[in-house]
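J.: The structure follows.
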Amino acid sequence: MKKTQTWIITCIYLQLLLFNPLVRTKGICRNRVTDDVKDVTKLVANLPKDYKIALNYVPGMDVLSSHCWIRVMVEQLSVSLTDLLDKFSNISEGLSNYSIIDKLVKIVDDLVECMEEHSSENVKKSPKNPEPRHFAPEDFFRIFNRSIDALKDLETVASKTSECVLPSTLSPEKDSRVSVTKPFMLPPVAASSLRNDSSSSNRKAANPLGDSNLQWAAMALPAFFSLVIGFAFGALYWKKKQPNLTRTAENIQINEEDNEISMLQEKEREFQEV
């Protein structure tokens, strides 16, 4: 009986794990981001403020949701950081900067590899090709931090996302984070100010309340049915095994009674012979 109960519980858990869509993998590339990103602030402080870093930038990055630009931006960040690394490799005074950039290059390369391994339906092609631009260090690494945050929240399962369509009124002057240099006040890893600013607004735009409710309903129904199926399988197995267990117990009792009768008969014969 104990084995039967254990099997029923195991069956239910397997049903939940295999068929429950609420069990999702979020942040699939989160483990690729190491603590080395904390050195970004130190690197920005070491670089001259008037230094310009080349980057192929996706137009409208601050208007579009992250799934529209994340793949392209990560690839372009890898190219720009690699070029920056090559420039510091020949400068003996910049060994500290070289070490930091080298670690950042490895992180970005790992993220590119992670995105290739986990092809997400959320990731779409940018509506425009990247444009070559030059950024001050703090603006460049602001884009870096935002891309890191977007990748840390990347999911493998497609969700309701907005279309990657640029507003017709978008212009370089309105792309404020590109044209205006702001104090580098971002936390090295989370970039919380950005998350509270543009990232949050993008996510809200990409997942309206109505769509979110429908999405949760669509996930909850299969989860409920999978739970019912698990209980049904467990009940059927118990019902099938219960008669066998009853018959086995009865057979054991009959065998014991037969053995007792045989022993009594044997003793009776021995007594008669004496």
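Residue 1 is the first one shown; counting continues down the chain.
Glycine too: its Cβ is placed from the backbone N, Cα and C atoms.
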J.: Just confirming the record: what cysteine out of Cys68, Cys114 does Swiss-Prot connect to Cys29 via a disulfide?
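T.: Here Swiss-Prot pairs Cys29 in a disulfide with Cys114.
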J.: Given the candidates Asn196, Asn244, specify the residue that Swiss-Prot annotates with N-linked glycosylation site.
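T.: Asn196, according to Swiss-Prot.
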J.: Here are the glycosylation sites: Asn97, Asn145. Which has the lowest count of other Cβ atoms within 10 Å?
T.: Asn97
J.: Going by DSSP, give the three-state secondary structure for Asn97 (N-linked glycosylation site).
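T.: Looking at the DSSP assignment, Asn97 (N-linked glycosylation site) belongs to a helix.
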J.: Restricting to the topological domain 'Extracellular' (26-215), what is the model's mean pLDDT?
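T.: The predicted confidence over the topological domain 'Extracellular' (26-215), as a mean pLDDT, is 70.
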J.: Which ones are near Asn97 (N-linked glycosylation site): of the recorded positions Cys29, Cys68, Cys114, Asn145, Cys164, which have a Cα within 10 Å?
T.: none
